[in-house]
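Chemist: Quick paste of what TrEMBL says about this protein:
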type	residues	note
DOMAIN	35-163	domain 'Alcohol dehydrogenase-like N-terminal'
DOMAIN	205-336	domain 'Alcohol dehydrogenase-like C-terminal'
Ligand SMILES: [Zn+2]
Ligand SMILES: [Zn+2]
């Protein structure tokens, strides 16, 4: 029986209050409106950004809400005006979009879509300012346009990457956010040459994806920097060849790196969001050609301070959002990198739980246990 145009009743994990365990509820999911698509989610995973907004310390709290933004699913139905997706297509929802109409979308140089750029405060659809989720008439709000902790969700067509239907969704679902962010920071922005040296600050999922990018690019030295020595063993699987724990040294880590590398690394990628790590990541690159790329999100009042001579001596400082990938145009090719065995995705997946145990995924992340936990919608 077709569900096209009908409201669907299904299970969703609802966050009723900040910091409280999610509750699996029966929700109603309205049909997609103009330029929207209803997606059956098959696999989703938990990312730090979900936990950050679930804890709601310091941001505008929007509750009740359905979190989740790393996922893979199948199109169930499409709204008016949607021409490039149809029921049955395999898709990855992405927290930032690509409308293909605005100036940044038309520019080869930007992925910061004016219409669909991430908005963490909005809990409703752009089309009519309403939520598509409800429980007995009470609206349940969306999260960054994706809300994948639900068996069905409604997403703007511009936030869906259509991917190879042969790609296993239980693996490639992790390419929706963190892994692509780190990978793209290295491959699209830092662009290390074969045989070069790369320093990666922060060895969580994003940093290890940046290291994986350096490995794919053929870097010969990949130096991992982290305050947690327990991460070093795992990082070897991602091509990291050397480790520095700043706590083991009395001098700044940029000086340690300069000594190890004869003046500095060729490239560095910062994935912690700590302002001091950002400054170190910039000051540890070699003069003449070094490029540092900032990925981690800083605190609100941070200011970046370095001596301008560091720039005059031909070092470059860059920043990136979502690894400079345009979601619809570029993410399908990241999936192909996995399909042709260039990119290894399995090593990022350390846990897996059925949907009914989604709160376990939060526990793993809060304990810092593992990298990615896959949440299986169908047991
Ligand atoms: Zn756009
Ligand atoms: Zn994320």
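Any Cβ shown, glycine's included, is placed from N, Cα and C.
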Chemist: Please compute the mean pLDDT of the model over the domain 'Alcohol dehydrogenase-like C-terminal' (205-336).
Modeler: 97
Chemist: As a quick check of your reading of DSSP, tell me how many residues in the domain 'Alcohol dehydrogenase-like C-terminal' (205-336) are helical, how many are strand and how many are coil.
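Modeler: Taking each residue of the domain 'Alcohol dehydrogenase-like C-terminal' (205-336) in turn, the totals are 59 helix, 22 strand, 51 coil.
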Chemist: Going by DSSP assignments with H, G and I as helix and E and B as strand, what are the residue counts for the domain 'Alcohol dehydrogenase-like N-terminal' (35-163)?
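Modeler: Secondary-structure composition of the domain 'Alcohol dehydrogenase-like N-terminal' (35-163): 15 helix, 40 strand, 74 coil.
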